[in-house]
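According to TrEMBL, the protein carries these features:
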TRANSMEM  A:20-53  transmembrane segment
TRANSMEM  A:74-94  transmembrane segment
TRANSMEM  A:109-131  transmembrane segment
TRANSMEM  A:143-164  transmembrane segment
TRANSMEM  A:176-197  transmembrane segment
TRANSMEM  A:209-229  transmembrane segment
TRANSMEM  A:277-295  transmembrane segment
TRANSMEM  A:307-326  transmembrane segment
Amino acid sequence: MSTTVVEDKVGHPFLQRSALVAAALILVLAVAILAGVRYGLMLMIGLGFGLALEGLRFGFAGPWRAMILRREPSGILAQLLAIGIVSVVAIPLIEMSGGELIGAQAPVGWAMIGGAFVFGMAMQVVMGCGSGTLVNAGSGNPVGLLALPFFAIGSFAGAFHLFAWTELGALPVIRFTGWSGAVITLVALAGVAVCFLRQAAPENRTISRRYVIAAVIIAVLALLNLVVAGQPWGVVYGLGVWAAKGATAVGVDLSGSAFWAAPESLERVQSSLLTDYTSLTNIGIMTGAFLVASWRAGGLSQKLPRLPLRAWLATIVAGFLLGYSSRLAFGCNVGAYFSGISTGSLHGWVWFVAAFAGSIQGVRLRPLLGLEARS
Amino acid sequence: MTRRVTAVTGLALLFALIVADFIGSPPNPYQQPAIVALGSGAASSGGFCGALPE
């Protein structure tokens, strides 16, 4: 994409930045008053995710691409570090909480594995995963902005058909629990890190300071998410609820879907978005990314890329597939990979392997679809 | 055209969604849960990516 920067004709930076911070605080306060303090806190946590992800350039799709193409493991090592920090606290805490906290636990199955593979492929096409698409949209990336509504529609559609897919066959939920679960997870994370380091080019066997800081911040925010909401950080469910609300507004009958007709799902669709945890953190991520892009000198002055029509069509298809496949996979890089592994679910590990294999294919597809210059 | 246009468009659409939803499904602050789930004594509830409804 073009990175040409044009002259930024905005007002005094201090006034502009003060207004941005004030607007964010007013937003949090408004949600706390209108919906409840817990929901205001969740929006604040979401803002923190957005600020950290965009401000420190911490992502998922980019580091996987760097490893696949250039054998640079720094970003993936940071992801593993963040997951490790969360797991050592979250896995024992969930067991001791007596049901007040739940993990991101889901069964490993055929549809789950296929969904993760397709998600990995699609996230490399648009260079954005679950959180990445929100960050990209918030920071003015037109590919992210176009992909996001189709991501939401895909998430709604995937959930609509979810029970049909799970009937293809799945194992029971397998979890690593308590202190032993935390130790198993840490050992496995260390093993994966060693594998990536062995694959890395010798000059790249490091982790940058920026990534370490980002990993610690993201881990703390993920733990706050768990403790405040009672459930781990997720993205895709909230996007599906947005589309479900839109679908019902235009007269779509949800009774044809076992998922959306279930009482718990109906309650979410009929309740305010400001009381849905994943919606609140999603809103926060997008808004936080916007704040950073506005704050950063030249952040919003980059010219928009000129892409061929097939690139925009590919973005629409990939956006839909991101949403659809991640519902089949019981989450995206956040809800399945990050939160799944860090709360002891086997499906997080299987998701990681399948999505990484899909990413290898997606990296090859991206230039063919006109989303970057062919090498 | 710069990213300012797309970023502002994205934020505007997001806040239009929130406002439309607020009008259609206003939250009730008198039914708010405990501030923090941990220690609240209440079982975790709410939709999540990994959860299948009963």
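In case you wondered, yes, glycine gets a Cβ from its N, Cα and C as well.
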Checklist entry - So which of A:109-131, A:176-197, A:209-229, A:277-295, A:307-326 has the most C-beta pairs under 8 Å when paired with the transmembrane segment (A:143-164)? => result A:307-326
Checklist outcome for this item: Most Cβ pairs under 8 Å to the transmembrane segment (A:109-131), of A:176-197, A:277-295, A:307-326, goes to A:307-326
Item to check | Contact between the transmembrane segment (A:209-229) and the transmembrane segment (A:307-326) (3 or more Cβ pairs under 8 Å, separation 6+) | outcome: no
Item to check | Remote residues contacting the transmembrane segment (A:176-197) - C-beta distance under 8 A, at least 6 residues beyond either end | outcome: 67, 73, 76-77, 80, 83-84, 87-88, 91-92, 94-95, 205, 341-342, 344-346, 349
Item to check | Remote residues contacting the transmembrane segment (A:20-53) - C-beta distance under 8 A, at least 6 residues beyond either end | outcome: 59, 131-132, 134-135, 138, 214, 217-218, 221, 224-225, 228-229, 233, 272, 274-275, 277, 280-292, 294-295
